[in-house]
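In what follows, a single structure is set out as structure tokens and then discussed.
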Amino acid sequence: MKPIGIELPAALSNPFGTNGGFIDIIAAIVILLTALLLSRGMSEAARMENILVILKVLAIILFVIVGLTAINVSNYVPFIPEHKVTATGDFGGWQGIYAGVSMIFLAYIGFDSIAANSAEALDPQKTMPRGILGSLSVAIVLFIAVALVLVGMFHYSQYANNAEPVGWALRQSGHGVVAAIVQAISVIGMFTALIGMMLAGSRLLYSFGRDGLLPSWLSHLNDKHLPNRALVILTIIGVLIGSMFPFAFLAQLISAGTLVAFMFVSLAMYRLRKREGKDLPIPAFKLPLYPVLPAVTFVLVLLVFWGLGFEAKLYTLIWFIVGIILYLSYGLRHSKKNDVAEYHPPK
């Protein structure tokens with residue numbers, strides 16, 4: 001907000017206990033506004049999401065095109081800097097790349113949340129795989145393009161401790177107007193990730209309540225068939241956590257939790273594949289390279305998880321134990337799984 005002359009006091013712009021902060025008021029307001037949008041229905045949220053995504057992609061393409069005019073090829077040499085140990089950990093070499101994977105992984109989180117909205121999708125057996133694989137592929141291409149252009153514009157060392165590398169690089173290259181446009185769209189575009197995650201999160205809470213894994217109160221739908229009770233609970237949790245804890249800690253914690261989920265999904269493939277055509281319908285999309293791909297995925301995800309900080313792994317373990325206790329003490333006894341009639345495939 002500094003570029004437009006607005007600067008909040010430290011107590012209202014930083015998480016509790018960080019740089020004199022008490023609460024990140026902007027984070028709280030953004031979460032509340034997103035919840036308000038989602039409470040009005042999927043159509044309005046989807047319309048807003050589509051507009052913001054288009055703006056974000058256009059902003060990225062604009063940066064890449066303009067940035068290409070300011071690239072200095074010498075900045076790519078050496079392409080992988082020499083490894084050295086710094087006060088914050090490994091830097092350079094394959095060790096540095098491995099250390100950075102666990103942090104940058106956070107940028108890829110979100111494609112999996114598409115599956116949580118399958119109940120509101122048209123022909124989900126076909127559209128869900130396309131949405132997941134398509135969004136991930138586009139994200140990979142855009143991320144690589146931005147990283148290559150950014151490093152090519154200035155030496156990587158000049159981006160150290162820079163909270164706005166894209167805007168800074170454009171301004172230093174004489175493209176102040178483009179920098180302002182890209183930064184403005186980037187800030188507004190942050191809503192897209194929040195909309196997607198809160199939409200998926202509220203649907204997951206609703207599903208847990210519907211299936212008996214959490215109190216059935218969460219499975220209530222209002223007159224518009226929206227799970228707003230689940231959305232309210234998610235919003236309260238999001239405001240408390242998002243505005244009170246530092247981003248670096250939350251990034252590692254979210255990455256750790258997602259990686260654990262990915263590991264369990266990989267292992268679950270071996271169980272689910274055997275049930276297809278028995279108590280589960282045969283899916284329109286089948287996992288390729290089975291049974292090799294789930295095993296390879298599990299190992300790779302485990303390697304990324306192992307590169308996380310000790311605190312992230314510790315808190316994830318605690319959260320995992322709490323989840324197991326909750327499932328054994330409540331979910332297992334109230335689960336409606338046994339109430340569902342066994343699936344019989346058509347002859």
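Heads up, the Cβ atoms here are built off N, Cα and C, so glycines get one too.
Since we're looking at a predicted model, the values are computed, not measured.
Annotated in TrEMBL:
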TRANSMEM  20-39  transmembrane segment
TRANSMEM  51-71  transmembrane segment
TRANSMEM  91-111  transmembrane segment
TRANSMEM  132-156  transmembrane segment
TRANSMEM  176-200  transmembrane segment
TRANSMEM  230-247  transmembrane segment
TRANSMEM  253-272  transmembrane segment
TRANSMEM  284-308  transmembrane segment
TRANSMEM  314-332  transmembrane segment
Recorded stretch, among 20-39, 51-71, 132-156, 253-272, maximising Cβ pairs under 8 Å relative to the transmembrane segment (284-308): 253-272
Whether the transmembrane segment (51-71) meets the transmembrane segment (176-200): three or more C-beta pairs under 8 angstroms: yes
Cβ-based contact of the transmembrane segment (253-272) with the transmembrane segment (132-156), 3 or more pairs under 8 Å: no
Contacting positions for the transmembrane segment (230-247) when only residues 6+ beyond its ends and CB under 8 Å are counted: 15-16, 18, 23-25, 27-28, 31-32, 35, 38-39, 198, 201-203, 205-206, 209, 218-219
When counting Cβ pairs under 8 Å to the transmembrane segment (176-200), the leader among 20-39, 91-111, 132-156: 20-39
The transmembrane segment (91-111) in contact with the transmembrane segment (132-156), cutoff 8 A, at least 3 CB pairs, sep 6+: yes
